[in-house]
Amino acid sequence: MALKQLAAAVALALSIQAAQGAAVKEKRATCSNGATVGDASSCAWFDVLDDIQQNLFNGAQCGAEAHESIRLVFHDAIAISPALESQGKFGGGGADGSIILFDDIETNFHPNIGLDEIVNLQKPFIQKHGVTPGDFIAFAGAVAMSNCPGAPQMNFFTGRAPATQAAPDGLVPEPFHTVDQIISRVNDAGEFDELELVWMLSAHSVAAANDVDPTIQGLAFDSTPGVFDSQFFVETQLRGTAFPGSGGNQGEVESPLPGEMRLQSDSSIARDSRTACEWQSFVNNQSKLVSDFQFIFLALTQLGENPDAMTDCSDVIPISKPVPNNVPFSFFPAGKTMADVEQACAETPFPTLTTLPGPETSVQRIQPPPGA
């Protein structure tokens, strides 16, 4: 989805909003809990919200279950290929919930290894509340992200029909893929460009690896995995010095901090001339991080769908807490300085950041979901 398409889409959305403002206001409904929503059908999702916040996300925490729910959104949605369709083959349904409906097939695909745990955790909620898997994946991902301080106001639309067949294998990027391969894949999936690829990877701000290193799970990608901030974009540009576990694993390269995982793909995209400046642009720029991820998350959750036929239930999604104010938006972890930065953007210098005081930062493991 090129930036000119984004600009056109925003302009169209604003014109529609202006033209239909009065009608939307009249359509708003009040739910039994007193909340006001844009469409009465959204009210049913408050029961789902209360249930998953307590029983899936452990009291609205930005923990392992939230991280894996966000990951599941991408792995379900990106499995769509117009290129395959043009060859007369089934190209996948995008954000249709096929990874849950056909989990015996899709969770065995190599890039989806480990997702069977969150799929099994989500299934009972889908059955209990009678919603479609595609809608639930998008909802759980939006709620999960809202549990992470600093996250944007997440959007959520309903209307996804159940998937009719499993997505083909080979459509989810792997951490050992080249930058060319990954850019090509996301461009095929949704006409996303290299800048929008970087926006997608903002999700790694609140993420961890459970299966890249088979000897250790819950390895975070940055030192603040419970906060949606730009530390991921800072720390991926620091010189790698060691592996957090066994090392030598496919798709892993050295990281700068003890206990931190660095994916080969993240390292490569952070240093590629096509993406390095966009990567660096998020450092110390929380507002850009928030707005770009808000857009790309919605775009991902509508892959394979007709947005005009969907219902906006974003009113149900909680508003995230702000980033804690006891530390800067971006900083060098204790023990790191500008000398550790591997400058990749040729257009602008790396921002000047404060180094946190104290002994060298060591990143704590995130407890994986039950059964992992």
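Cβ atoms are placed via backbone N, Cα and C, with glycine included.
According to Swiss-Prot, the active site, proton acceptor annotation covers His75. Remark: His75 (active site, proton acceptor) has Ile99, Pro111, Asn112, Leu115, Val172 as non-local neighbours, by Cβ distance under 8 Å and separation of at least 6 in sequence.
Taking a C-beta cut-off of under 8 Å and a sequence gap of six or more, Ser98 (Ca(2+) 1 binding site) has these contacts in its own chain: Asp76, Ala79, Gly92, Glu106, Pro133, Ala163, Gln165, Ala166, Ala167. Under the heading Ca(2+) 1 binding site, Swiss-Prot lists Asp76, Gly94, Asp96, Ser98, citing sequence analysis as support.
Summarising the annotation, Swiss-Prot assigns heme b binding site to His204 and lists sequence analysis as the type of evidence. When secondary structure is read from DSSP and collapsed to three states, His204 (heme b binding site) falls in the helix class. Under 8 Å, Cβ to Cβ, and six or more positions away along its own chain, His204 (heme b binding site) finds Phe221, Asp222, Phe232, Leu263, Asp266.
Residues or ranges marked as Ca(2+) 2 binding site in Swiss-Prot: Ser205, Asp222, Thr224, Val227, Asp229. With a cut-off of 8 Å between CB atoms and residues at least 6 apart in sequence, the same chain places Gly150, Ser205, Gln286, Leu289, Val323, Phe329, Ser330 near Asp229 (Ca(2+) 2 binding site), listed in sequence order.
If you look up Swiss-Prot, you'll see 352-361 marked as compositional bias 'Low complexity'.
Its Cβ taken as reference, Cys43 (disulfide bond) is surrounded by 19 other Cβ atoms within 10 Å in the chains shown. Look at Swiss-Prot and you will find Cys31-Cys43 (among others) tagged as disulfide bond, backed by sequence analysis.
Neighbour count (other Cβ atoms within 10 Å of the Cβ, all protein chains): 25 for Cys148 (disulfide bond). Annotated disulfide bond per Swiss-Prot: Cys62-Cys148 (among others), in sequence order, evidence recorded as sequence analysis.
Secondary structure at Cys345 (disulfide bond), as computed by DSSP, is coil. Positions annotated as disulfide bond by Swiss-Prot, on the basis of sequence analysis: Cys277-Cys345 (among others).
For Asn285 (N-linked glycosylation site), the count of additional Cβ atoms within 10 Å of its Cβ stands at 17 [all protein chains shown]. As annotated by Swiss-Prot, N-linked glycosylation site applies to Asn285, with the evidence given as sequence analysis.
Residues or ranges marked as region 'Disordered' in Swiss-Prot: 352-372. Same-chain residues lying 6 or more positions outside the region 'Disordered' (352-372) and placing a CB less than 8 Å from one of its CB atoms are 63-65, 67-68, 114, 117-118, 120-121, 208, 210, 216-220, 222-223, 225, 234, 244, 257-260, 283-284, 327-328, 330-338.
Residues or ranges marked as signal peptide in Swiss-Prot (evidence: sequence analysis): 1-21.
What Swiss-Prot lists as site 'Transition state stabilizer' is Arg71, and the listing cites sequence analysis. Its own atom aside, the Cβ of Arg71 (site 'Transition state stabilizer') has 22 Cβ atoms within 10 angstroms in the protein chains shown. Under the DSSP three-state reduction, Arg71 (site 'Transition state stabilizer') is assigned to helix.
Distance between Cα atoms for Asn285 (N-linked glycosylation site) and Gly94 (Ca(2+) 1 binding site): 31 Å, as a whole number. Compared over the binding-site residues Asp76, Asp96, Asp222, the count of CB atoms lying within 10 A of a residue's CB peaks at Asp76. Spatially, by CA atoms, the recorded positions Cys31, Cys43, Asp96, Cys148, Cys277 include one closest to Thr224 (Ca(2+) 2 binding site), and that is Cys148. The highest number of surrounding Cβ atoms within 10 Å, among the recorded positions Cys31, Cys62, Val227, Cys277, Cys345, is found at Cys62. Those same-chain residues not listed among Asp76, Gly94, Asp96, Ser98 yet with C-beta within 8 angstroms of the centroid of the Ca(2+) 1 site C-beta atoms are Ala77, Ala79, Ile80, Gly92, Gly93, Ala95, Gly97, Ile99, Gly134, Ile137, Arg160, Ala163, Ala167, Leu303, Gly304.
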